[in-house]
Amino acid sequence: MATEGGGKEMNEIKTQFTTREGLYKLLPHSEYSRPNRVPFNSQGSNPVRVSFVNLNDQSGNGDRLCFNVGRELYFYIYKGVRKAADLSKPIDKRIYKGTQPTCHDFNHLTATAESVSLLVGFSAGQVQLIDPIKKETSKLFNEERLIDKSRVTCVKWVPGSESLFLVAHSSGNMYLYNVEHTCGTTAPHYQLLKQGESFAVHTCKSKSTRNPLLKWTVGEGALNEFAFSPDGKFLACVSQDGFLRVFNFDSVELHGTMKSYFGGLLCVCWSPDGKYIVTGGEDDLVTVWSFVDCRVIARGHGHKSWVSVVAFDPYTTSVEEGDPMEFSGSDEDFQDLLHFGRDRANSTQSRLSKRNSTDSRPVSVTYRFGSVGQDTQLCLWDLTEDILFPHQPLSRARTHTNVMNATSPPAGSNGNSVTTPGNSVPPPLPRSNSLPHSAVSNAGSKSSVMDGAIASGVSKFATLSLHDRKERHHEKDHKRNHSMGHISSKSSDKLNLVTKTKTDPAKTLGTPLCPRMEDVPLLEPLICKKIAHERLTVLIFLEDCIVTACQEGFICTWGRPGKVVSFNP
């Protein structure tokens, strides 16, 4: 393995790298691509994307992967680290004319060895539902492009649903669909359901239920990616206007926002326990945002160009009770210590969530996440307890503030929330740090907006509560938000006036929305390696490997430490 050094060595593509847990190795036999293995001419093409699904096959080899390259879409058995990829036998291959696949997502809930539901978004705005095992096309949504003519940027099944899915477009709109409903032969007409700062949600105005069930307009410019929280209750969106916006998906409330240091945000992901969100974008940074505190807690600088994908590694994220261990020795010795008292993936979430601000027991917490970028580099990062639970928070006055716009003055006279002296961790902020304006509301009802949209169509929306107060913990938080959820439809003139007060992106630097670089900790990557010739577009953490892909159409498997074994061709 080449060492970091001169220009030639710096530009050399790495095939292995070492972290504290051991050696990761590129497995050439586990590389997937087009059958001819010829590098794809990626100029002007949409990013290569990869989706995985496990079919619970009796043979124990139930992993399948789908990837798009140019106008082509492939569906293969994924043999992982143990067996060589057989590129001559794709289960399904499709070549499209006039449009290109841009993204895709499997329904893990309904997947079986005989059937799997795969959504595919396209560059011209359509969404296709296919079954690559049965090799039949089920349905086409937005076929005539009457709903949206712009490129599909992200498509995902709604967690826990067999029929609902969400689609984002470069127009800045998102649409909620039901596979059981048709789209109609004319352009849909909408009526306003909910409106807030820089977002609006509309329902489809129709006598019979039809797609789309809901239309979200979020921010300005393209909506580049969205991600559901691990519990499926919240939705994080990143847009070309540089904003991260986090919504309560069911009640359609804005929970919190964050602004990039520069340029658009391109990617987003949640920590396994749902407490942190990481974004990447055109500022070449990764940014860590606390879901509980609604604030930036760290930035990471390691990339030399735009960050295209961020992802948490649930298999390396850990929490250890007791005194944090001190260590000096070899990687092998560290590996032995690492397995003592460590909880992985499942228990990490439960143990972190059980802790509260009054728990004084020492805890050693490490979240591992990764990023890939257009600079062809893979970076791995550790988010540790000295960042998560700082004893001396940087710029205390800044990090203890709550972002409220001019129409909602908080308790403090200077526009900042009151800090609590002596706390090493900032107190939780209100569940929303932006005014959850609603166009129509009934304070007495506790129904979910999303449930109402799905079950009742348009006619009953006027009676739904659009501002559920269940999560309001303190009366002062309730007052601080001026009970905006109780605005009736008669107050629409005032509401429109309020929603015109948008955050000026140019004025966010130095505020809690976008702290200055010196006001938050700056992370350095554990490793930062050039691993491809072309820009990287995929990063997925699996139990025994890491999967990356580049724009040339090569999907690479990196075996984790101790997982690389002799394989059978």
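Here the Cβ of each residue, glycine as well, is placed from N, Cα and C on the backbone.
Looking up Ser353, Ser357 in Swiss-Prot shows the phosphoserine annotation sitting on Ser357. When Ser30, Ser138, Ser371, Ser434 are compared with the annotations in Swiss-Prot, the one labelled phosphoserine turns out to be Ser434.
When Ser88, Ser198, Ser465 are compared with the annotations in Swiss-Prot, the one labelled phosphoserine turns out to be Ser465. Noted from Swiss-Prot: of Ser208, Ser318, Ser413, Ser432, the annotation phosphoserine belongs to Ser432. Below 8 angstroms of C-beta separation, residues 45-47, 49, 51-58, 62, 64, 66, 68, 70-73, 75, 145, 147-157, 160-162, 165, 167, 169, 177, 179 of the same chain, each at least six residues beyond the ends of the repeat 'WD 1' (94-138), sit close to that stretch. Over the repeat 'WD 6' (427-523) the predicted model carries a mean pLDDT of 49.
In the repeat 'WD 4' (253-331), helix, strand and coil residues by DSSP number 1 helix, 42 strand, 36 coil.
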